[in-house]
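Pulled from TrEMBL, these are the features on record:
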- 156-219: domain 'DRBM' (DOMAIN)
Amino acid sequence: MEDGQVLLYSNSVNAGVPKIPYPWLVFNEKVKVNSVFLRDSTGVSDSVLLLFGGNIERGGLDGHLKMLGGYLDFFMKPTLGDMYLSLKRELEELIQNKLLDPKLDIQFHNELLMAIRLLVSEDQCEGRFVFGRQLPASSKKAEKAKNVAGDGGGNSKNELQTLLARAGHEAPTYKTKQLKNNQFRSIVFFNGLDFVGQPCSSKKLAEKDAAAAALLWLKGETHSYSRNTDSSVLLLKKSKTINQNRIPVRDGKWN
């Protein structure tokens, strides 16, 4: 996160590989000369990263897992996300018990170990769970500029469409209205949900702002969305109280 783009050390075995067939690299050491170089690197799959790569947090949706405070996002079926969390918790408990009692026979936990071996060996290393990495913004204003992307930055519309496509959903649609002050406000629709952006100076920027609002909710950084469709009521049928303008999403499921 701090270094940005890095290079593999020239003596590394992986440095001579045209394309490393894994979505992630773990490394032992980094050295800064004129650039930052990684030494002793090894390619790993999503499953290895999720099970052995540090703390995992639940995101704002079922099946959304976050690492490093949201720098890495994983979206998957809710049951699969629950399985990763459960296996990781049981594995960490087993390792802790083994450290406390070196004579502990881990073969009594063979069912857990077999499940982990199967999960890791069957992972096709396609990296399909990960739909985006988000660098920590220095301020709310910088985050806003990044999402709206009016000055050549990242395109929130493209990011939203890519995320939905990889999750098996239809492309989002936009409805834009010109306001009385010659500004534009846009609404983005997908999977029965809709998100309203802020007024902008052009239709293009308004659509990007609406897409940015949707991305924030999908990544668990905000917990509300606009109530303009009947689907939102079905989505929140467990909620007894519905605000006229905004609905807090607590039981929402994005399958």
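Quick reminder: no glycine exception, Cβ is built from N, Cα and C everywhere.
Mean model confidence for the domain 'DRBM' (156-219) is a pLDDT of 86. Helix, strand and coil counts under DSSP for the domain 'DRBM' (156-219) come to 27 helix, 18 strand, 19 coil.
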